[in-house]
């Protein structure tokens, strides 16, 4: 759901619900989930990392298993989304992390995380966040046991840092990818073996600016833009002000000794995608209100989910969801060049503009450049042309296809009982 309200109303919404519900990671399942509350880290950093407390690292009954290159779900519970913000996904080899732990960022989401809304959503602390995200364990990470951290810097409200942690077991990639030519594997690993350190602020003397989706000083290779471009912090502006009393280490790449040894060499999946620059990611799977319609399951482009009817995602919240004419944005990107399949490359001038290519793939103008085209999810199509609003419609999916997708999902659900 996109909220189109004035800033005053957004702040009022924030104040009304922030007391009763913040946000909490749902997938992957966190450590000590029963004792994990949805509040931010302490302002003095005393519970960093992972909201330290008694018995903070009790593993869940279901262990999260992630194959290198596999797209994994990143989902949340709660409604106090504080106008969204920016998030990172990081890994450490420490199974009981401390302030001395080394964190490796594998994905940064700048804007729209954990939801692309003006203020807060309704529903309370136990309502699933309809905006779903994902992450992929990249090449350069060795198989073994890790702690995954989700960190969030909210756009509206008190200057806070949220952090939830979950145990995760990384397994080697598919044999098909492992059999790729040596030169190809070396190039992928070269691009993805250097992971920056986790960004820390609002608990260490360096404070983020309110009202903007921060840009991380070192976001890494995989960066996703899910918010409204007008909210994104200007390029070159510092992510926080003040001198940090402390930071965390990280960034050198795959550790030589993961938390548990494995005789299987590291591999990469056929689905691995090292994205240098902007990508377009999460979209809501449904309206925040409950619906009796079940979205079609998909294995398409990461973060794009199949709605059961036409759905519109505006670049900037508007009171109306009516799509603009497909010609409204056409011709405005005169400096761009077009490939044989209709995808645009090079600079673009209308920040946030969507380009639907043949209904089966799409791209977006982000940071003045056209992103790489991504395939639509199975069972969906977009309205062809350049638009300020992105319209997704469900296509007919045969029952046999749906059953096959459900079978694959059950077979690769990403969990096993510990």
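Backbone N, Cα and C atoms are what each Cβ position is placed from, and that goes for glycine too.
Worth saying up front: this structure is predicted, and the values here are computed from it rather than measured.
What Swiss-Prot records as N-linked glycosylation site, among 37, 134, is residue 134. In sequence order, 38, 39, 40, 78, 80, 125, 162 are the residues near residue 22 (Cu(+) binding site), counting only same-chain partners six or more apart with C-beta under 8 A.
With respect to their backbone Cα atoms, residue 134 (N-linked glycosylation site) and residue 113 (disulfide bond) stand 11 Å from each other. For residue 50 (disulfide bond), the nearest of the recorded positions by C-alpha distance turns out to be 87; the candidates were 82, 87, 206. Residue 82 (Cu(+) binding site) and residue 206 (disulfide bond) have their C-alpha atoms 20 Å apart, to the nearest angstrom.
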